[in-house]
C-alpha cells in the first residue's frame, strides 16, 4: 500500500463519525482533501443529509464547493460537532504539529471549538517527539518576521521565512501574514512551548496543537489504526 492509499483509507474511516445534521470543520491538506471528496460523494448518494461544512482555508472552501457540500463561516454556526484535519507530526500523546498548508490559525480556531477533533495521517507522521522531522510553522505579522526569527534563537531554533514555490517572495497566508518555519532540537513539553511561542510580539499563532486531538486515524500498510486520547 502506497502513501496515497494510506491517506485514502484514513479519510474513509473518518466518514464513520459523520452523522446527519452535523456541522463539520473541514481541514486543509492532501489527506483532508480525500475526506472532503468522499464526504461529498456520500452526500450525493443520499447516505447523509443536512450537513454543513466550516472550511479552515480557501483550499477547503473550494473543495467543498466542488463537491457540493453546503458551507458556512465560523460566525454563522452555533457550534462545530466534529472537525477533521491532517497533521505534519503526531507524538505518542497525540500532540500535533500542523501548518504546512499555511492555514494553522483558522485550523486551530475551528478545531479548538469542535466537539470532537479527528486527525487523519499516514504512518510516516507518527514520531517519538514533536519536531523530530518537521519544523513548527509560525504565522507572523509581515513587518515582524525578522525580529521574531532573532527571538527564536533563544530556543536554539533554526528558523527561516517560508518562500513561495510558484510565486516570487514569501508565502502569504489567507490572513495576509507570513509563515516562519522553526526547527527546534526537540519539544518535550508541547503545551508549554505552544503557549510560550504565542507570547512573542508579532506572532499570530503557531503550529503546535497540544492536548486538542481526540482521535487520530492512521493509515498504515496493514490497514487503519485508531488512536484515542
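Note: Cβ is positioned from N, Cα and C throughout, glycine not excepted.
Model, not experiment: these values are computed from the prediction.
For the substrate site that Swiss-Prot gives as 28, 29, 30, 31, 85, 86, 87, 88, 98, 99, 100, 101, the extra residue drawn from 12, 16, 44, 125 is 125. Residue 107 (active site, proton acceptor) and residue 28 (substrate binding site) are 8 Å apart (CA-CA, integer value).
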